[in-house]
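Pulled from TrEMBL:
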- 31-64: repeat 'TPR' (REPEAT)
- 169-202: repeat 'TPR' (REPEAT)
- 271-304: repeat 'TPR' (REPEAT)
- 315-348: repeat 'TPR' (REPEAT)
- 382-415: repeat 'TPR' (REPEAT)
- 487-520: repeat 'TPR' (REPEAT)
- 521-554: repeat 'TPR' (REPEAT)
- 659-692: repeat 'TPR' (REPEAT)
- 693-726: repeat 'TPR' (REPEAT)
- 761-794: repeat 'TPR' (REPEAT)
């Protein structure tokens, strides 16, 4: 017996069995020999012989707990019920630390039978007997984690295991999973990192860390994990070609992924493998190869009758094939593929949706049916709502399109695309304020959404909120824009500046736009108009000249250049302008603007009859052109035909009521002596445009003429509020203040008049008259002398200075002035 035990302990099992057999032959009732031989048979995997010996040992010695234990271990897989009985008897006989393994194995059997509470009790019994058994902690923790949802207690059990063995990788992984269940992702990542530190080449650990980092939205770190995984050469990892291919594909190593799967499909031709290969080929933009892969998968999936089964797997192959055809712009083939997918699986919302897109691109009205069907199958199909909105938007049914965007936003409340498209639809629907709200939400979701800023700026422009529009255009120009969008932004901002009468900034934007589109004549036309408004007429001429280089038949450019020549104020410029106006008329004889400009040009050159004829031709071309009537009225007035001027102005006023036209009629009435009618016209002009300074000025002159000086003073003051540099209004108010005895105010006004018109003899004459009335003869004599230096041949001013000098006692000088006044008057009379 001792000889057999010696060889058993040294695992020389054959010799040990021979020895134990010899003992049993001599003493068939030797329970110990039966026990040891049964254990030796078990180690040699001769389980039938082992069970016979262990059963005999139990029969011979019913208190042999080891025999029950070892028989239970053998029966665990083949007869769990009997195994539980044997373990139970074993612990009944011996429940000390010596037999804790019976509790442990019984707990494992209970776990396999899903009797979780009994299993936990047995593992706790193990720990009560020996608190250092890590396996028991792990099993209790896993049951609590996976089956009883007691995550906090599971974490405690895994922590106990780690305290006993800080190098136990499984404990760290299990605790990480428990933390993940509690959404404590930071601690989960820490435990996975510890596990990776212990086993750095374990691919599954890297996958778990990548998953947790993705959930923490640390996408760069998660991506790094996948890249590390792709570089691993672990045997267990490389033996899984599908997983390896998917990881290589994630890392954008599509060629490696395709190569890996091609090798796998050569030995393992399964439809699913070819589908995965096709999907990766799609990612690699190899759509033709992908179609071939999907067709191979279909061929493998076909039944003996060469018919595809009506399964989702078969439908998906056609669906993916359709996507490839869409990418290749083969819309008819794509539509056929999606239709086949629907035939195989009639509840396939994505197939209906993609077929709808095909039909929409093919301009088939049936597309809306497919979108409706997709939504009937999947009411939360965001893309279907957006595509249906796009369809209705393309048909001009903006309200219905907006409703679809509303539904899409209910599904994805933070969809930048949905808010942006709804904003553009509201812009098309002319609900600009609502559009601004949606575009602002888009910008909140994406601070660099260029089109959102652009469209919001356009909306602000439409509602006349120029400050905010300028701000958005400014932000856009700070972003990285395409050439096309930058051009549009500069043009729009330039037009906005024009609307604000800020021609300097408008000009700068248009000039910058020419750098992006140097052959666009319209931009140079706009620059020319800006220079004209800025009174930089030479620059304007150059801009219009550039327009004519790019477009030699541009009528507007000839008219614009002609007007710029006219503004130079010299005769040569007027003649050059006349040539441009004539060229414009030659190019387009019905161009009213050119004829009106030519009419004013001829009027400026004193050719009144020809000017009258041009205005008349313009009226014949367009009897509703009020500008032509107004121009002809001014010519008639200059020719002394006051009544004809009055009739033309009335004709213009029948077409449109403007402050300038009413003021012009007032002037004509004033010239005809009808002051009350003139005043009515001026007052009406003021009511039409309260900021039209000329109407106030003319009305003030009538008040002054009627000696209504207080009213005249008020109206001259209003003129100066609107036009502070109007020297005539300043001087007239100075005279009015003099007559009202407002001495200090009169002095201030005369000072302003002198500053505005330092070379006007009339200003110095009137101030001299003012000083004369105040008996300040020295100042009066100084001003009248200055007036005479500017206008030396005025008899009245010589007489006035003679009077002043007489009062100052300069009799000799006064006599000389009287003589000079008489001499000038005689010369005038003799002419």
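Residue positions begin at 1 at the first shown residue.
In case you wondered, yes, glycine gets a Cβ from its N, Cα and C as well.
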Cβ contacts under 8 Å made by the repeat 'TPR' (315-348) with residues that lie 6+ beyond its boundaries: 271, 275, 278-279, 282, 285, 287-288, 290-291, 294-295, 297-298, 301, 308-309, 354-355, 357-359, 361-362, 377
Sequence-remote partners of the repeat 'TPR' (761-794) [C-beta within less than 8 Å, at least six residues beyond its ends]: 727, 731, 734-735, 738, 743, 746-747, 750, 753-754, 800-801, 804-805, 807-808, 824
Distant-in-sequence neighbours of the repeat 'TPR' (693-726), which means Cβ under 8 A and at least six residues beyond its ends: 659-660, 662-663, 666-667, 670, 675, 678-679, 682-683, 685-686, 732-733, 735-737, 739-740, 742, 756
Overall pLDDT for the repeat 'TPR' (315-348), taken as the rounded mean: 90
